[in-house]
Amino acid sequence: MPPKICVLCEKSKAMVKRPKTGQIVCRDCFFYVFETEVHNTIVQSKLFNPGDRVAIGASGGKDSTVLAYVMKTLNERYQYGLELFLLSIDEGITGYRDDSLETVKRNQEQYDMPLKILSYDELYGWTMDAIVSQVGRKNNCTFCGVFRRQALDRGAAMLGVDHIVTGHNADDIAETVLMNIMRGDIARLGRCTAICTQGEDTIRRSKPFKYAYEKEIVMYAHFKKLDYFSTECIYSPDAYRGHARAFLKDLEAARPSAIIDIIHSGEAFEVREEIKATQKIQQTCQRCGYMSSNTLCKACTLLEGLERGMANSGITDKARKKLDAAGPTPDNIRTIPFFKPPSGSPAVTIDVPL
Ligand SMILES: [Zn+2]
Ligand SMILES: [Zn+2]
């Protein structure tokens, strides 16, 4: 049987079947279509302006490593005029994050981009290792998710960047749509497919890989021989997301377009005005100045619980009442440094961590 020929260039030998479209293509054409689709997403969504300073949220994992490589490639190829930075958050997880950060440090040299690392320890006075030793493995992802989101914004403010891009891919977004449907979380369902979330004066956040399939990101990293770290977090994985993920993989096996179809469905949902009116208005946290829907932001609430030895008080209402009953907040607990968004104005919107 003669070798199959790439359906795009009709010259080279086909090497891969694209998971997203089923097309049989050569390696160079695969790189080109993958990059071009990301470029089209960026252009159509008008993600950047020339001169923007953009931080790539870099974990050392495959998604953010491919994102850094592709952003650099497209910035040069299409002259976006962006100044790119790597921004990593060190959660303080021995045997996981310390190793992945070594990868990011190598990426810094490979891609010639400045790197900023901000640690939970520096910002909150707690590493994830210390948090897990107090709260156990059950709720630790809640702490990590809330702390990471705020740490990324604060790291970006330190770098003076206008925009954070993250490696969330199409599979991540489709999973989130499914989870929000299953939880009946109407407010998040309406927002989770947005490619770019921004308030008037907050740091923009976007997902250039919104339509990129995870399988293609893995293939891209593999064929380009990119240097990335591939171990899962050693603390408890998000079990609920795991179910959504397994379900999505089954759907994808039966019909590859399922991932994009679910994203499109999510985009088509719109929250009715009367429901929007019941959603909480954003304000700034009284204690640390970060955007919040209550007088205290989630990170300050969780941190106070940790500091007072009642870590679950930020998670359940019952535990919160117990904390309140224990008396007012002592003056000597550690708090988060006051946050000033780059523009100096208060934050007005909040988006949903995936
Ligand atoms: Zn080809
Ligand atoms: Zn706060």
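For all residues, glycine too, the Cβ spot is worked out from N, Cα and C.
Curation does not apply to TrEMBL; its annotations are automatic.
According to TrEMBL, the ATP binding site annotation covers Gly57, Ala58, Ser59, Asp63, Ile89, Gly167, Asp172. In the three-state DSSP assignment, the secondary structure recorded for Ala58 (ATP binding site) is coil. Listed in sequence order, Ser64, Thr65, Ala68, Leu86, Leu87, Ser88, Val104, Asn107, Leu115 are the same-chain residues six or more apart from Ala58 (ATP binding site) with CB atoms under 8 A from its CB.
If you look up TrEMBL, you'll see 54-232 marked as domain 'tRNA(Ile)-lysidine/2-thiocytidine synthase N-terminal'. Averaged across the domain 'tRNA(Ile)-lysidine/2-thiocytidine synthase N-terminal' (54-232), the predicted model reaches a pLDDT of 93.
Note: the domain 'Cytoplasmic tRNA 2-thiolation protein 1 C-terminal' (283-312) comprises 12 helix, 4 strand, 14 coil (DSSP; helix = H, G, I, strand = E, B). Sequence annotations record features per position, and here TrEMBL assigns domain 'Cytoplasmic tRNA 2-thiolation protein 1 C-terminal' to 283-312.
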Query - Same-chain residues at least 6 apart in sequence whose Cβ lies under 8 Å from Asp63 (ATP binding site) - result: Gly167, His168, Asn169, Phe209, Glu214, Ile217
Requested in this report: Output, ordered by sequence, the same-chain residues six or more apart from Ile89 (ATP binding site) with a CB under 8 Å from its CB, or 'none'.
Outcome: Gly57, Ser59, Ile117, Leu118, Ser119, Tyr120, Arg148, Ala151, Leu152, Gly155
